[in-house]
Amino acid sequence: MAGVCDMAPNFLSPSEDQALGLALGREVALNCTAWVFSRPQCPQPSVQWLKDGLALGNGSHFSLHEDFWVSANFSEIVSSVLVLNLTNAEDYGTFTCSVWNVSSHSFTLWRAGPAGHVAAVLASLLVLVVLLLVALLYVKCRLNMLLWYQDTYGEVEMNDGKLYDAYVSYSDCPEDRKFVNFILKPQLERRRGYKLFLEDRDLLPRAEPSADLLVNLSRCRRLIVVLSDAFLSRPWCSQSFREGLCRLLELTRRPIFITFEGQRREPIHPALRLLRQHRHLVTLVLWKPGSVTPSSDFWKELQLALPRKVQYRPVEGDPQTRLQDDKDPMLIVRGRAAQGRGMESELDPDPEGDLGVRGPVFGEPPTPLQETRICIGESHGSEMDVSDLGSRNYSARTDFYCLVSEDDV
């Protein structure tokens, strides 16, 4: 029977080693449950707690609760709960329970620092700073990003039969003429490559639009209206602007209205109030005192409202001369190309024909030809290579020479 009583217990809890980080002042309950095989002649099983390999003595900082359950087949379940009050650093350590000198898995208690909010506060501040930077970059770079997207993926409006990029309507007063001809037109045409159609007439008259106005609008991709004080002072702007705007929206898509900062003062003109109410149908661009700078937001917003401009790369070279180091084979004299500037004058073997040398570049007076005596029967094959002229396509080059046949003469 002694062998039956020596059967090792089976620990149900803890099933594995556990490590618990607890702050000072906390209370923790450690549960040790084991299944043992018991007979009447076997000693009563008991649970003993060990701390760091030593038996746990009596103390006021812990308490024990033991329970026993007897089941069939002479088996018994014993449970012990150790409740610890972590009041000082000596209460931490490695705890194990033992039944019949057989130890269970361990509970390792280590001291954790007090729950602090420093990390959470720092993380929140970091997220807030990142959001502020993103918002600042969006405000500062929004127009640049939109321009980049338009230049890269925007719709190309080229083969639509239009002759002009924008129709510009303005008042026939000195201030508006100066603004359009000395600020708006140079910036859009010279710096940004747009083609404008300027006209100082009433664009939104009360009567039906004239045939000339319809034709001119049909030739332009966009419409720009300079809403200056002189433009708004016209009687129809206060009386029938709504009817004119409805008629204008039928003729062109999303017209562009240039307003001025001084017009924002109260009372607001009825036409401006109407345009702000229909902002989803029109484009309003505000001119400020600092908008004259080419890099200001005014020009960026105006360019976003205008069609996309396509930049063409220069052609690498004429296919006819690409294999000749981009030199015209008809202009190769004595094995090297005739340069426009910085080259001594070469004799022309045939001044009356089509094998002449390249003329002087812009602004330079023509170099007088030297009188030479050339016999018709002399051979000049060493001075000019014309062996492959018959196989070339001369119709592709019209800037330097032109070949004619006897029938044309």
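Here the Cβ of each residue, glycine as well, is placed from N, Cα and C on the backbone.
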- Message: In Swiss-Prot's disulfide listing, Cys32 is paired with one of Cys5, Cys42, Cys97. Which one?
- Response: Cys97
- Based on the annotations in Swiss-Prot, which residue of Asn31, Asn216 is described as N-linked glycosylation site? Asn31
- Out of Ser63, Ser382, Swiss-Prot gives the annotation phosphoserine to Ser382
- By Cα-Cα distance, the member of recorded positions Asn85, Cys97, Asn101 nearest Asn31 (N-linked glycosylation site): Cys97
- Could you round the CA separation between Asn101 (N-linked glycosylation site) and Cys32 (disulfide bond) to a whole angstrom and send it over? 14
- For Cys32 (disulfide bond), what residues in its own chain, 6 or more apart in sequence, show a Cβ-Cβ distance under 8 Å? Phe11, Ser13, Pro14, Val47, Trp49, Ser79, Ser80, Val81, Leu82, Cys97, Ser104
